Structures are given as C-alpha cells and as structure tokens.
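Participant: Under the heading Zn(2+) binding site, TrEMBL lists C27. The disulfide bond feature in TrEMBL is assigned to C27-C85, C29-C112, C39-C137, C139-C186, C144-C149, C157-C178. Here TrEMBL flags 27-137 as domain 'NTR'. What TrEMBL lists as signal peptide is 1-26.
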Amino acid sequence: MTWSVSSCFITLVVLFLWRVDDITEACTCMSVHPQRAFCNADVVIRAKVVGVKAVSGNTNYDVKQIEMFKGPNQDIHVISTGGPCRAFLEINKEYLFTGRLNTDGTVHVIMCDFIQSWGALSDTQMRSLTLRYRSGCDCTIIRCTSIPCTISAPEECLWTDWVMEKSHSGPQAQHFACINRSDGSCAWYRGIAPPKKEFLDIEDP
C-alpha cells in the first residue's frame, strides 16, 4: 500500500470513527422514571406493530392500537421514528409507547422515549398507567446519580435505582409511583391497590 493510499485510508477511518462518535453523542439519553415519561408524553398507548415502511428518511411502523392511556380521541395507526436516535421495533410485538403527537395524527418516538415490550412491564406499571401515574404528574422525580443526593422541595421524590441497583429498571421504576398527598407534598407509593386514605392524608402533629 503506497503512502498516499495509506494516508487516505487512515483519514477515512478517522472520519468514520468521528461520525460514529458524533451520532452516539447526539443520541445520548437521560433515563427517566416511567411515571415521568407518562407525564411528559402527548400520547401513551399499548399497540402491536403490524407493518413497516420507509417514508422521507423516517421509518413508519403501522400499529394496531389495543389501549390508549393518554392522548387524543382517536386511534393511533402509525408510529414514526427517525434520525440518529430512531427506535427499532419488532413486527408482531406489543409495546407500550410514550411519544409526541404529530399534526397528522401519527405519533413520533425515539429510542430516548419510554418504549417497552408490554410483557416486560410489571403488574404495578400496568395498573399505574390507568390512574396512578397521572395523579402524580404535579410531582417532580429527582434522579439520583451519586451519593449523597437529596430533595430540595416537599413535592419531590428521590429516584435512587441507579445508585442502589446500577439499573434504571430497579424497584422504584418497577413498583413505585410518586403521588400527591393532601398537604401538597409527594411521596413514593408501592403496590397495586389504590393508596389508602391514611397514606394520602397528612395530619399536623
């Protein structure tokens, strides 16, 4: 290999690695608790992927909506994704989708959104989609990445899955919701059953 060819090859490799690094950097996501993903999304649905096609640089997945937990008064038929953070979905598989509603009635998602195989959700997560997550949308979930970490306001809940479990799918993500209490504060609640009145009501000492 001549010097000029070798130099060109090295340049191409450097450019390729720079481009891969650039794409990876552009697609860095900050994990969010499923409740926060629910509250931030325009649309939250359970749907089965039934087809796929490329449209203007995007990937459009045809879906059959099974249940809507949040969104417009119409069924969603297309999940659209694109760019370096495009999501990759499997045909004939059911997912929980959280995403942004487009003006044409389609839903746009990226891999940074909370997209989970329906069968991988815990029972608590499934039940929380119908009421509990929504009831805590005025609360703020603070993501703890290192010790020490604290909350700074009573309406905050501290999410410690990463520091305790080294996973963003730990017990708090799987089994807890951060919900409002009667005095305006927020607290983690665990369980499938609705919170008892004693949990929601705060009495002065």
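Glycine residues also receive a Cβ, built from the backbone N, Cα and C atoms like all the rest.
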Participant: Measure from the Cβ of C186 (disulfide bond) and count the other Cβ atoms within 10 Å, all protein chains considered.
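Facilitator: The answer is 21 other Cβ atoms.
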Participant: Say you check the Cα of C29 (disulfide bond) against those of the disulfide-bonded residues C39, C137, C139, C149, C178; which is nearest?
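Facilitator: Spatially nearest to C29 (disulfide bond) by Cα position is C39.
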Participant: Need this for a regression test: recorded positions C27, C112, C139, C157, filtered to those with Cα within 10 Å of C85 (disulfide bond). What's left?
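Facilitator: So the list reads C27, C112.
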Participant: Of C139, C144, C149, C157, C186, which is closest to C39 (disulfide bond) if I measure between C-alpha atoms? They're all disulfide-bonded residues.
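Facilitator: So, spelling it out, the nearest of the disulfide-bonded residues is C139.
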Participant: Can you give me the same-chain residues 6 or more apart in sequence from C178 (disulfide bond) with a CB-CB distance under 8 Å?
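Facilitator: Non-local contacts for C178 (disulfide bond): H33, Q35, G136, C139, I141, C157, C186, A187, W188, Y189.
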Participant: Whole-number Å distance between the CA of C112 (disulfide bond) and the CA of the residue listed as 'Zn(2+) binding site'?
Facilitator: 8
Participant: Ranking the disulfide-bonded residues C29, C112, C137, C149 by other Cβ atoms within 10 Å, which is at the bottom?
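Facilitator: Counting other Cβ atoms within 10 Å of each of the disulfide-bonded residues C29, C112, C137, C149 gives the minimum at C29.
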Participant: Between the Cα atoms of C27 (Zn(2+) binding site) and C144 (disulfide bond), what distance do you get, rounded to the nearest Å?
Facilitator: 21
Participant: Sequence gap of 6 or more, C-beta under 8 Å: which same-chain residues meet both conditions with respect to C144 (disulfide bond)?
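Facilitator: L158, W159, T160, W162, V163 - these are the non-local Cβ neighbours of C144 (disulfide bond), listed in sequence order.
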Participant: Quick one: Cα separation, C149 (disulfide bond) versus C137 (disulfide bond), in Å?
Facilitator: 22
